[in-house]
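Visitor: One structure follows; several queries about it will come next.
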Amino acid sequence: MDLHTAVYNAAHDGKLLLLQKLLAGRGREEIEELLGEVAGGGTPLLIAARRGHLDVVEYLVDNCGASVEASGSVHFDGETIEGAPPLWAASAAGHLAVVRSLLRRGASVNRTTRTNSTPLRAACFDGHLDVVRYLVGEHKADLEVANRHGHTCLMISCYKGHREIARYLLERGAQVNRRSAKGNTALHDCAESGSLEILQLLLGCHARMERDGYGMTPLLAASVTGHTNIVEYLIQEQPGHGQLSGTELPGEGSSQMAGNHCSTPEEAEPYESCCPTSREAAVEALELLGATYVDKKRDLLGALKHWRRAMELRHQGGDYLPKPEPQQLVLAYDYSREVSTPQELEALITDPDEMRMQALLIRERILGPSHPDTSYYIRYRGAVYADSGNFERCIRLWKYALDMQQNNLEPLSPMTASSFLSFAELFSYVLQDRSAKGNLGMQLGFADLMGVLSKGVREVERALQLPKEPGDSAQFTKAIAIILHLLYLLEKVECTPSQEHLKHQTVYRLLKCAPRGKNGFTPLHMAVDKETTNVGRYRVGIFPSLQVVKVLLDCGADPDSRDFDNNTPLHVAAQNNCPAIMDALIEAGAHMDATNAFKKTAYELLDSKLLAKSTMQPFNYVTLQCLAARALDRNKVPYKGFIPEELEAFIQLH
């Protein structure tokens, strides 16, 4: 173990005497170096603050000159927090004595992490009320500094269910109607976490029932998460039935703080006087809650109970609230339509599958196609069908969800990427199942695979149309890899000449985009790289793949394309010891003597132990023109500007 690591470990374990011994007699510069970051990004002071070793913290600051503001990486609950100052770590862990000590020694009370989280937010997250009181009461910590998502200290306290911290923040003037980047408020966080007491507290402080960026009210948020207690409280009988938002709440006009914050929560107005819920909103909340009971709680009888109440409210007083008529019935939902009468509703009890379709229909109507839960539960239902062997039904639902995601989410959304990967894994399983069972297995058709492959290419096209190109982002690389896996599977399906033509057209669309993955890899580079195999938890295709390489070459992939290290696909194939693929690339016109940034040819990268290296004769593929190009490069003969551009590119290749 080196000295740097030994110092860090001593600070981690709180071994002050050992730490003093390790640092004794060393010069200032050496001590500064030893107190710097270790390989994981942490520092001795940061880890000592995280672990609550007060004596070590004070020794490092007072005797060794460690900076109280030096940030680093620290781990909490399995997550790595980047750019965390020692005060943040001590606050998050609830070590009040260390917090006091660091602040007395000049630590900034509002210093943030890389994600803009303050020490106060860290203390609010895990419910350290004593630390919160000290930071705010003694050092005037800013209550309103939000993290990079616009999420405030009050919001996280509400979400985590820390009632006393929420009460204290409200007493100190926290803005109760502050919105995050996605438009949600502290009320939304209460509704999502099921914290009814805090929700009552916020409502008493004039919290408004606003809609977030997805159009969700706190009432709908409670329905989506299945918190029946919140839903029941918010839809209780009101003296009047106003709108959920957009109307002035009592008291707002007379008091400036009514819509902002509440200084005395104990004197809060009762809920009934400030936030009435309309009949329509109550109906939707109950219907959505029923859908949650079906898909999340898997309680069909509980769902039916909530849907009955919603139906009663729709017909209340003879003033019927009709459901909107669907524009068209959906194949993925088995052409189901929402029930509209009590008789139709009661008939569902004999048809559990129809109840599940009702849940999907209700969720799509109320939340809309852009809400993540809509497509998530469609995919979930499809997965349940797949688990029971009903692959056709699964594929229909997943295709519908994928169309929804591509039409409503940004390109390369993690949810869309997950859909593509799920398709690839499902298709791989079905093909293996068919191979094992013969005619008894499901017949996976060309249209199924081709449809998803085409949508995958469309996703790449959408990503490349963004103002900022994705470059070598991991998500973009994964998207290309999944397309190659789908192509790998498609090669296992028999095609007619017209289907073969359609497949080649789609691959040509991909190549025309000229997408580049990690390290500037083209699709052809990725097809000859074994790393492309690792795309998900389950194996789909095996790479390098000669079949995929041949399809790419047939569709016009450039065998001499270069990555950021000037490697051609031939170089990558050689690094992966694939002589058969090298032969295919050479036959397609790849230059055997092309050199990379390290002046190595593909032949030189081949494993010398391979029999193929001894049988492969590079001079069989080298022309006089190639030898001349290498001679010019080797002898540093100036040629740029003196010869045609095509020849310049040819020389640079060598």
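Heads up, the Cβ atoms here are built off N, Cα and C, so glycines get one too.
Pulled these from Swiss-Prot:
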- 253-263: compositional bias 'Polar residues' (COMPBIAS)
- Ser108: phosphoserine (MOD_RES)
- Ser608: phosphoserine (MOD_RES)
- 241-265: region 'Disordered' (REGION)
- 82-111: repeat 'ANK 3' (REPEAT)
- 115-145: repeat 'ANK 4' (REPEAT)
Visitor: Measuring CB to CB from Ser108 (phosphoserine), give everything in the same chain under 8 Å that is also at least six residues away in sequence.
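Guide: Within the chain, Ser108 (phosphoserine) has Cβ neighbours under 8 Å at Glu69, Pro85, Leu87.
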Visitor: Just to be sure I understand, if DSSP states are collapsed into helix, strand and coil, how many residues of the repeat 'ANK 4' (115-145) fall in each?
Guide: 16 helix, 0 strand, 15 coil
Visitor: Reduced to three states, what secondary structure does DSSP give Ser108 (phosphoserine)?
Guide: coil
